[in-house]
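I have placed the structure first, in the form of structure tokens, so that the comments after it can refer back to it.
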């Protein structure tokens with residue numbers, strides 16, 4: 001015959017402690033929504049079907065997939081830094097997985113790279129894969145490189161996010177953002193978890209000012225793409241370029257572009273003119289509102305769910321990037337209307353021009 005006992009606790013001493021224990025237990029059982037992140041491109045469709053766990057996941061209908069951009073973690077987004085995270089490799093088949101919702105990206109990329117013999121480095125996008133739909137700046141890189149491999153993969157195992165599809169490889173001329181795919185596990189299946197439906201919009205929607213969405217394409221030329229000796233030029237027009245540096249923000253490049261146009265510093269011959277920016281010029285101009293919405297926590301999050309085989313078990317400390325504090329006399333960065341203020345911030349000074357390898361190079 002079994003014996004049942006009840007643990008008695010001193011009433012006064014443990015009353016408050018036991019109350020909080022009950023609250024924690026009830027809260028955990030009622031509101032637990034674990035978040036599993038696929039961090040290394042190893043997802044198989046069958047894996048998701050197998051993720052039926054006791055007390056957490058009774059149906060795959062409780063899973064909601066979300067695309068999370070890497071730039072929210074504070075990775076460097078300038079073209080020279082971003083492209084170093086990608087590399088060509090053969091013998092690995094591409095994988096594609098869909099996601100239901102994503103976030104707006106500040107920086108996206110679009111590559112058109114050819115081999116020295118003129119053949120294409122990157123494959124065309126398969127049917128159904130469209131460019132990432134929400135990019136403030138699209139960095140479009142054209143040029144040449146050895147491209148020693150069949151596909152361009154992410155060296156850190158992240159995905160390339162397209163329009164509701166994430167791929168392990170880069171497709172030619174198709175805009176993408178870097179990111180990972182995360183699964184939200186809901187307490188119960190909800191059809192309307194994401195209230196807004198995917199947008200069905202015309203290709204030229206960004207030209208409509210009423211859409212409330214503004215995207216700018218910034219063009220670059222690359223030589224030796226994918227090597228340690230890659231050189232990048234920011235394209236002002238088809239004859240005028242600026243030697244690109246990692247410290248240049250998209251906003252600075254747009255200011256520089258407008259300054260060169262309005263001050264008549266474009267190439268006035270049939271030759272190629274390459275500018276170099278004075279190292280003393282401050283290039284840290286940016287849109288602080290973007291980082292206000294991307295702040296992450298230094299706190300270590302303990303992830304507990306049945307997706308444990310798909311993400312790292314060791315909790316990682318998120319990188320925090322805080323916006324540059326504004327002085328009392330400063331205001332938030334505004335959209336450019338005129339070029340007067342930018343001419344003051346980027347003084348044009350003429351230095352001696354030299355001809356190198358048949359190209360005229362000057363310093364600003």
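Including glycine, each Cβ sits where the backbone N, Cα and C put it.
Here's what Swiss-Prot has on this protein:
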- 108-135: disulfide bond (DISULFID)
- 121-147: disulfide bond (DISULFID)
- 40: N-linked glycosylation site (CARBOHYD)
- 204: N-linked glycosylation site (CARBOHYD)
- 228: N-linked glycosylation site (CARBOHYD)
- 238: N-linked glycosylation site (CARBOHYD)
- 257: N-linked glycosylation site (CARBOHYD)
- 268: N-linked glycosylation site (CARBOHYD)
- 1-32: signal peptide (SIGNAL)
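Feature map: annotations from Swiss-Prot on the structure.
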residue : record                      : contacts (Cβ under 8 Å, 6+ apart)
108     : disulfide bond              : 131, 132, 135, 137, 138, 139, 175, 176, 177
121     : disulfide bond              : 88, 113, 114, 115, 145, 147, 152, 172, 225
228     : N-linked glycosylation site : none
238     : N-linked glycosylation site : none
257     : N-linked glycosylation site : 234, 236
268     : N-linked glycosylation site : none
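Neighbour counts of Cβ atoms within 10 Å were compared across the disulfide-bonded residues 135, 147; the minimum falls on 147.
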